[in-house]
Amino acid sequence: MGRRKKIVQECETLMDEPEHIRNIAIAAHVDHGKTTLSDNLLAGAGMISDETAGEQLAMDTEEDEQERGITIDAANVSMTHEYEGRNHLINLIDTPGHVDFGGDVTRAMRAVDGALVVVDAVEGAMPQTETVLRQALREGVKPALFINKVDRLINELQEGPQEMQQRLMDVIGDVNELIRGMTEEMDDITEDWSVSVEEGTVAFGSALYKWGVSMPSMEATGISFGDIIDMEQNDERDELHERTPLSNVVLDMVAEHFPNPLTAQPFRVPRIWRGDDESEIAEDMRTVNREGDIVFMCTDIGMDPHAGEIATGRVFSGTLKKGQELFVSGTAGRNRIQSVGIYMGGEREELDRGVPAGNIAAVTGLKDAIAGSTVSDVEMTPFESIEHISEPVITKSVEAQNMDDLPKLIQTLQQVAKEDPTIRVEINEDTGEHLISGQGELHLEVITQRIQKNQGIPVTTGEPIVVFREQPQEASREVEGVSPNRHNKFYITVEPMAQDIVDDIQLGEISMDMPELERREALQAAGMDKDTSQNVEHIHGTNILVDDTKGIQHLNETMELVIEGLDEALDDGPLAAEPVQGSLLRLHDARLHEDTIHRGPAQVIPAVRNAVHRALIDAEVRLLEPIQNVRIDVPNQHMGDASGEIQGRRGRVDDMYQEGDLMVIEGIAPVEEMIGFSSDIRSATEGRASWNTENAGFRVLVDNLQREKIMEIRERKGMKLELPQAIDYI
């Protein structure tokens, strides 16, 4: 029997033993060594050869990932590991570290119960380390820490045992500070989730040279930091790997410290599902009942050239099998499952017996599913939507070079949006120009390259365009909106919303999907007064509509049209048709014609839309631009050049400090000005700077650029090059 077949059989056996299953993600800042570590784990499980581990990048299955040397898509694999005489099934997801692909990390966290956070011993905790930790903790996923590249401390920095231990303790301290800061506000995380060398939730090592140690492994092997330094310096790495192989150390830590589904699901289900906790389906999910109703959470959609669309996700209850007809949340009818299996690296292994609760499955046939869908055999309350930490900030136009390819391009773009919810796609079938918005330049570059390479569609892409927002700056007066037939009137005000409420909406902690009482409490906790919270009628983006009317005839049956008009007005703000954010709208009064025919869509929608735009103008609506946190690590002699690159882009340097032999510059800059930054910083520092950026929301564009930027956007969109007369404040 081949090794692979044997592993598949072992996995099949262990699937029915939830106490021996561990669902884990490996997450880190870009280039800290996640995929090299994953290779080591695969080699330890006998799935790739030990010699090529670390070079093979087996989890980077796409050609562009191998070329760029970074992980772009989250990759899945199931493997087995023996710990304390018992075999364990490890379902592993290797996630991207580049900030542009953070959506994959967020979605992966929904499928797992433990997150192995990898940190470079030399660089320490970096911006994306903080982001992935936040993503894990928000989903109720327990962290453990692997400090990688310890060989660099010995060989490059020439550190002795004391210095090395101090540096490692500093890294652990930084990570724990982040964990404690984030879990303080989480009422349901009652135990201390900080990582500890003594408790065995921290491991150190070198993924490149395949050795690792933890407190339990050092006690078992008798190896010390002094021994490690001697063996590294004497080039005895093979012996070090044999005495204390990295895969054993890390997978022992995973088996010992990460929760199994029986422990994790009772804790995690209330965090991610707001259905009736006394229902049978809630009990099935809490107990990981493989005989119960089927509940599957789709966390990823991918394309296979032979099998078509593959939905990957977590089975929370029941057993997924070929031929089942299941509901997909938010769609009508049922989807029939064509095949069910597990991942073995880049390969999918179909299993006729199906995949039971507590496991990660790969499914074909769920044609209506998108990343975030709830799939079940009975109609049920869907899981909470997966909230992504950052939203699209850069847009590019994409056109097919050959008009015959247009239908295929449209289909491909729709598929891209389905596979990656952090991408927004606008399709204009009239002009043939289509817009895709993503997390950054690299995100869009990878997607357009894949359209050309994988689908064979030659495309022309426009220059990157930055996504702006519009936001009121003060409270408006009451504004009247009148319908074209003059028979219907709406009285509306707009005011800026408290930032805490905006943040909670973005994090998914306030939504219209919540039970009303729970939503009111969340709004009040974020600072909204009790009366207002009781009258919230609608949430659109980060804007809230409050119904302050009293006993208006026919308003109930007209409210749907009011909401439609409001949404239209907020999607295209009055300044430059950019989305409006952070506004609290109040409907104070309405006069409605008693005859339905005179208060239809053609009357109500424009009346509300105009009222909202006029109220926004009265509230001194301003253009907001997206900004990024920037961190540059650079040798001392290039510090001035590097900080000049930030300041010359309307940026601000907030902090500069020494870290090892490098200077660290931290600042903030507009996304628009950061386009092309990579080539400029390379030439300014002779290629010696390393840098990373992280989206940091939006800020009001400075007054002296408002009019110029509004006109530039209006011209690009083919709008009139004049502002409404009431806008005399810009």
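Each residue, glycine too, has its Cβ placed from N, Cα and C.
Residues or ranges marked as domain 'Tr-type G' by TrEMBL: 19-262.
Within the same chain, residues at least six positions away from V150 (GTP binding site) with a Cβ under 8 Å of its Cβ are A121, M164, L168, F204, G205, S206, I228. Following the DSSP three-state reduction, the secondary structure of V150 (GTP binding site) is helix. Sequence annotations record features per position, and here TrEMBL assigns GTP binding site to 28-35, 94-98, 148-151.
Taken residue by residue with DSSP, H598 (diphthamide) is part of a helix. Taken from TrEMBL, the feature diphthamide applies to H598.
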Chain-internal residues, separated by at least six, CB under 8 A from H598 (diphthamide): N485, H487, N488
Number of Cβ atoms other than its own within 10 Å, given for A28 (GTP binding site): 30
Local backbone state of A28 (GTP binding site), from DSSP in three classes: strand
